[in-house]
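These notes concern the structure reproduced below.
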Amino acid sequence: MRLPAQLLGLLMLWVPGSSAEIVMTQTPLSLSITPGEQASMSCRSSQSLLHSDGYTYLYWFLQKARPVSTLLIYEVSNRFSGVPDRFSGSGSGTDFTLKISRVEAEDFGVYYCMQDAQDP
């Protein structure tokens, strides 16, 4: 019996007040995934997130219960301590991807990307 569940993406936007602010767009906004399948979500920034110090400050979070979010991936592709290796991050410049190779029931929740290359 196939039991679909939802992985929800959250569209993260800084309200633009000037043309220099970075706008983040995440797709898809939701996924129907069965445990064991692969999930993939993308995040695009309106400007390159490559900082002058050589790092790219792109993070992925999972939110299961408000207001608590769990850091999964930092600086594009580094797994935070304790995050299973089925989670992976990739990308550069303006385009980034989070993949979950074999989704487990505990993975369901709201995922979002965040940049820290520029303050809002």
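Residue numbers in this text run from 1 along the chain shown.
Just so you know, glycine gets a Cβ as well, placed from its N, Cα and C.
Here is what Swiss-Prot says about this protein:
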DISULFID  Cys43-Cys113  disulfide bond
DOMAIN    21-120  domain 'Ig-like'
REGION    21-43  region 'Framework-1'
REGION    60-74  region 'Framework-2'
REGION    75-81  region 'Complementarity-determining-2'
REGION    82-113  region 'Framework-3'
REGION    114-120  region 'Complementarity-determining-3'
SIGNAL    1-20  signal peptide
| field | Cys43 (disulfide bond): tally of other CB atoms within 10 A of its CB | value | 27
| Can you give the mean pLDDT for the region 'Complementarity-determining-2' (75-81), rounded to a whole number? | 97
| Other than its own, how many Cβ atoms are within 10 Å of the Cβ belonging to Cys113 (disulfide bond)? | 27
